[in-house]
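The following features are taken from TrEMBL:
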- C23: active site (ACT_SITE)
- H124: active site (ACT_SITE)
- D139: active site (ACT_SITE)
- 10-187: domain 'Josephin' (DOMAIN)
Amino acid sequence: PPTPQPCRGPPSLYHERQRLELCALHALNNVLQRPCFTQEAADEICKRLAPDARLNPHRSLLGTGNYDVNVIMAALQSLELAAVWWDKRRSLERLALGQILGFILNVPSHVSLGFVALPLRRKHWLAVRQLHGTYYNLDSKLRAPVAIGGEAELRAFLRDFLSQGLCEVFLVVPRAVEEAGAWLSPE
């Protein structure tokens, strides 16, 4: 498993760096704060999700990763957790942050070949997690985690990504919190 990278935050913060197209795997491990899932485990989940598929629709044809949300959801379910899709029409003030383990975002990302940026955009998974009262951006493309700040700064961070359009936010919560709808504060 990848070794934790140095970070600007607390020394106990776990952060996997980008490798191949494994950002979904890195986002899972970063939000869980431990090396919980491997590429082999994610590939097994893909096979379970589409056992009869010759070309698996849940990952890259090249076997380099690029896993979809179904793999993330199944991985979290195996740990009694859930990924709850955030409806952008809701106010971020309604997030019951005390009930949420972390966030996994799917965001547009520029494609580059070495130092040359290509005019293409792909989707990229990244994690956000709170530790000791501070939220951190645990994007695997970052050299180290970046402190976002407290609850107000987190909401501004999420609002900024959501305003870009092609972004999805998933709340990572215990299954009991998902079932009770406790991730959402009453209006």
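Yeah, the Cβs are placed from backbone N, Cα and C, and that goes for glycine too.
Counting in whole angstrom, D139 (active site) lies 8 from C23 (active site) by their C-alpha atoms.
Across the structure, C23 (active site) and H124 (active site) place their CA atoms 6 angstrom apart.
With all protein chains in the displayed structure included, the most crowded Cβ environment within 10 Å among the active-site residues C23, H124, D139 is that of C23.
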